[in-house]
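K.L.:
This is the structure, below, for whatever I ask next.
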Amino acid sequence: MAESSGPVSTSRERPAAVVVPLWRNKNFQLLWSGTAFTLFANEMGVVAFPLVILGLTDSPALAGLYGAVQLAASVLVGIPAGAWVDRHDRRRLLLCAEALKATVLLLVAAALLTGRAQVWMLLAGAAVMGAAAPFAGASRMLMVRKAVPPQQLTSALTQDEVRGNTVSLAGPSVAGYTYGFGAGVPIVVAGALSGLALLLASLVDRSLGRIDPGAPRDAAGPAAGLRILWGNPVLRLGTVFAAASNLAIAPLILIVVFILQQQDAPPLVIGATSAGLAVGGLLGTLLVKPMQRIFRPGVLLLVVGTFTTILIAALSVVRGPWVMAVVLALIGVGGPTVRILVDILIFRQVSDEQRGRTVTAFMTVLGTGSALGVLVSGLLLELAPWVAVGGLAALLLVAMFVGYASPAIRRADWPEEV
């Protein structure tokens, strides 16, 4: 018995010895780079599409409706998309979703460049891209987790945050700059970036997309992810809190774009100001590990939420693009900490056969908050910018009161795997 235990122990230790650095992990780098391109396209669209619609209609409500339609489509498709991701080849789903997005962007760009664009075309494109997003997002997330060994997951997630905030920093500025050459130009660039994301996804090993044939088959149905989130008090409160935060933060770019347009700011300045949110997120990646060491997860949510509420309210009184950029940057600092926190609390505690549904359920809840926030803020902007900002801060304040009143969320601890 003693002799047989030696070789077994050695074989178990071998994987840790041969783990390659993330920069040499081909599949991770392909997924990482592809996600960078698709996020760059998304961030350009966040600024470009409201500018296009405001140019066509001069209506902030319609500009808000574009984002609301895209997010609503993601919400409606999110739950069934999770079931598909749990049961079908994730690589194929990612390729189909990226191809659809690139096609829509290029068709919209062609309509703008030829002077034939109408608002209904943009709204239809928003619906199609929104419906494709849950398939692409969940498939990519789960493929990354399969490409990376558990001991490197936190580092991989931090690299994801660095990438996401870097492209978020560049995307709005590039959108504002290219818009100066024509309304369709930033959409052409976004479509080309989506095409590059599609190319890189096609180079990922096929094995990462396949469902493990030995995995247990789960028959809980498409709503299993929602039941998992709702069944645990800490996860329930954490999800509601995250949705409220998304509701308040998602419309901020639209509000800033509208305010700066009223002040006759040039497109490049509008793009640079909008990038402040990403600058803060990039700085926030440096705080992820220190904040996790200092605070329990529930307390960390409350701390970040409190400062976010105060800073959003401050947008109603500050003036000038650069001051707005600083406030947006401070709001963005807490983003990476909260997103990685959610990954640890939720995704690491769910089995693989239900993870797709849990991921898309969480994305659906967040998308619901974002859609409501964008739609409501667009309507409130018809009254005055300070009304929209004050309304968002008040909604987040309600969520903060719920969190502070809950002993469960204050006592929540980190999982042992961290």
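Using the three backbone atoms N, Cα and C, a Cβ is placed for every residue, glycine included.
According to TrEMBL, the protein has these features:
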{"type": "TRANSMEM", "residues": "30-53", "note": "transmembrane segment"}
{"type": "TRANSMEM", "residues": "65-85", "note": "transmembrane segment"}
{"type": "TRANSMEM", "residues": "92-113", "note": "transmembrane segment"}
{"type": "TRANSMEM", "residues": "119-138", "note": "transmembrane segment"}
{"type": "DOMAIN", "residues": "231-418", "note": "domain 'Major facilitator superfamily (MFS) profile'"}
{"type": "TRANSMEM", "residues": "237-260", "note": "transmembrane segment"}
{"type": "TRANSMEM", "residues": "266-287", "note": "transmembrane segment"}
{"type": "TRANSMEM", "residues": "299-318", "note": "transmembrane segment"}
{"type": "TRANSMEM", "residues": "324-347", "note": "transmembrane segment"}
{"type": "TRANSMEM", "residues": "359-380", "note": "transmembrane segment"}
{"type": "TRANSMEM", "residues": "386-405", "note": "transmembrane segment"}
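Distances, neighbours, how buried they are, the whole picture for these features please.
P.N.:
Note on the transmembrane segment (65-85): residues 46, 49-50, 53, 93, 122-123, 126-131, 133-135, 138-139, 142, 221-223, 225-226, 250-251, 254, 356-361, 363-364, 367-368, 370-372, 374-375, 378 of its chain, located 6 or more positions outside it, place their CB under 8 angstroms from a CB of the stretch.
Through the fold, the transmembrane segment (119-138) approaches residues 38, 49, 52-53, 56-57, 62, 65-67, 69-74, 76-78, 81-82, 84-85, 90, 93-94, 96-98, 100-101, 104-105, 107-108, 111, 356, 359-360, 363-364 of its own chain, all at least 6 residues removed from its boundaries and within a Cβ separation under 8 Å.
Distant neighbours of the transmembrane segment (237-260): 46-47, 50-51, 54, 60, 63-64, 67, 71, 172, 229, 269-270, 273-274, 277, 297-298, 301, 305, 308-309, 312, 315, 321, 324, 328, 331, 338, 342, 345-346, 362, 365-370, 372-374, 376-378, 381, 385, 388-389, 392-393, 395-396, 398-399, 402-403, 406, 408-409, 412; these residues of the same chain sit at least 6 beyond its ends, with a Cβ under 8 Å from one of its Cβ atoms.
Note on the transmembrane segment (299-318): residues 238, 241-242, 245, 248-249, 252, 255-256, 291-292, 324, 327, 330-331, 334, 337-338, 341, 385-386, 389-390, 392-393, 396-397, 399-400, 403-404, 409-410 of its chain, located 6 or more positions outside it, place their CB under 8 angstroms from a CB of the stretch.
Counting residues 6+ beyond its ends, the transmembrane segment (324-347) has Cβ neighbours under 8 Å at 141, 145, 154, 157-158, 161, 165, 229, 234-235, 238-239, 242, 245, 249, 252, 256, 259-260, 272-281, 283-285, 287-288, 291-292, 297, 300-301, 304, 307-308, 311-312, 314-315, 318, 355, 358-359, 362, 412, 414-415, 417-418 in the same chain.
If you look at the transmembrane segment (386-405), the same-chain residues 6 or more away from its ends with a CB under 8 A from one of its CBs are 237, 240-241, 244-245, 247-248, 251-252, 255, 298, 301-302, 305-306, 308-309, 312-313, 315-317, 373, 376-377, 380.
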K.L.:
Can you work out which residues elsewhere in the same chain, 6+ from the ends of the transmembrane segment (30-53), have a Cβ less than 8 Å from its Cβ atoms?
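P.N.:
Hits for the transmembrane segment (30-53): 59, 62-63, 66-67, 98, 101, 105, 112, 117, 119, 122, 126, 136, 140, 143-144, 147, 159-160, 163-164, 166-168, 170-172, 174-176, 178-179, 183, 186-187, 189-191, 193-194, 196-198, 200-201, 203-204, 253-254, 257-258, 267, 270-271, 274, 278.
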K.L.:
What residues in the same chain, six or more past the boundaries of the transmembrane segment (92-113), come closer than 8 Å to it by Cβ-Cβ distance?
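P.N.:
For the transmembrane segment (92-113), the nonlocal Cβ contacts are 34, 38, 41, 45, 52, 84-85, 121-122, 125, 128-129, 132-133, 135-136, 139-140, 143, 182-184, 187-188, 190-191, 194-195, 197-198, 201-202, 209.
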K.L.:
With a Cβ cut-off under 8 Å, give me the same-chain residues at least six positions beyond the ends of the transmembrane segment (266-287) that come close to it.
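P.N.:
Result: 43, 46-47, 51, 158, 161-162, 164-177, 179-180, 249, 252-253, 256-257, 260, 321-322, 324-337.
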